[in-house]
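> For reference, the structure I am asking about is given below.
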Amino acid sequence: MKFGHEFQEALRKDDFPQRWVESAITYGQLKKCVNKVQDELSSLGLDARTLKRLLEAVENCSSSLHAPFQYTFAGDGDTFYPRLVFIIDAKDGIPISAGLSPKTRDYLGRLALSQTASQHRTATIQELPSDDDKSSCSRSTSDGSTAESSAESESLSSDNPSSPGGSIMQRVADDNGAQLVEIPLTSDSEFFHLLKNKVSSLDALQAQEEALATKEVVSLGNEIAKVASPSMAVAKTDIYCWREIVDLYIQAKIFFSASESDHGSRNSEVAKKQLQWFLSEIEKRNLLKRFKRRDSPAVLSQFVQINVELLRNLRFQEINRLAIAKILKKFDKRTALSAQNSFPELIAAGPFLMHTIAKAICFKVNEELLTVVPQLNDYLCPVCFNISYKPIRLRCLHVFCIRCMITMQRAKERHCPMCRDDAVLDADSTNLDPALGNFLMIYFPAEVKAKQKENERAVMIDQYGPNAKECVVM
């Protein structure tokens, strides 16, 4: 199946919203434009085979300055036009290093004369020489058309002074005593402006979808805050269920991974697989039945739906990016103009090609959820890997539980285990962080209670020995 049919089938079967489909790349229409460009070039004797032969003739040269023609884009991303420029001999009008047909060589020669004459007339109208200057003008033009060729070359290169292509071709012309001739094409401009308009439409769509998804994520965070509020009694809050869900979501790394082995953005296939793993783990751990609040299942459903929409958006972005790459490849194959090397620079700054909504919203989801449902791993003592009960914050700002701090001071350890700052022996009761301690008691009541019992047991062993048992009052 050809890509055009595959692309249309993907738009149909993946159940994208109609407004997405309307903004998608019109691959079939762009393909017709490519055919028009091919026909227009062939009518001038500049078919793909001919242009490839010209490039092959100079491919062994160490410098690209010897290329007989160049295809560039003048202007910027908003206003631009494609330019096909040849280098021809200023004296006889024959293209340099160009094994072209007699008909094409004659056409380029007549085109050079036409452009040179037009440029000469424009220069004459703008500034007529005085009587004192006429002799110098005669001397300048007595050597042929060198002055006219120089004016024409300056005109072509000044259309886009920032374009590296224009300056390169100008140097080639200067080195060979030649001039630049621009081939007037119309169908290629139609093709690239149509493609640019569709990319702009996709940029606007992505901005709208990202704003909408951001609002949904903020709303989701507010809903989770209600069902997982730590101010409620442990028997009535779902904070532990939601903490487990958030932990699973972080492990799944659905749209983006920060792991060293597989860091970077996920494609839609991997993201779909990771989302399925996340849902299967929720079912395996029976989290739906463990909810204590009646509205928690609906909030979880909203959370899953946001991720499904992000996955759909990622898929839509992928197939459109592929369509852009495919149509540019087809353009180059049919014309040999190498637009793939220069045109993407005009459209790369847009949000559709710069980043994915899934990655941006994934960061927003993590930010919202971690604010509402903080994770235990962020509050572990780096020595005992347990919750930092009665946290001690050293002057280096690293935090340890009070039990580990006492143990280090008894062992006369001076240096912080994290940064080696000489701060351990200087710690006292003023280093206790009451704000963090209250936070841990509110959000991690079960862990704090367990750690407190563990500390009490350790104190009893310190005082009465390892065989000591708890006091039992009859």
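Yeah, the Cβs are placed from backbone N, Cα and C, and that goes for glycine too.
TrEMBL feature annotations, pasted as is:
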type: COMPBIAS; residues: 137-167; note: compositional bias 'Low complexity'
type: DOMAIN; residues: 1-345; note: domain 'SPX'
type: DOMAIN; residues: 381-420; note: domain 'RING-type'
type: REGION; residues: 119-170; note: region 'Disordered'
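Mind running through what each feature is packed against?
Counting same-chain residues at least six beyond the ends of the domain 'RING-type' (381-420), those with a Cβ under 8 angstroms from any Cβ of the stretch are 426-427, 431-433, 436-437, 440, 444, 447-448, 451-452, 454-455, 458.
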> Report the DSSP secondary-structure composition of the domain 'RING-type' (381-420) as helix, strand and coil residue counts.
9 helix, 6 strand, 25 coil
> Between 0 and 100, where does the mean pLDDT of the domain 'RING-type' (381-420) sit?
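94, rounded to a whole number.
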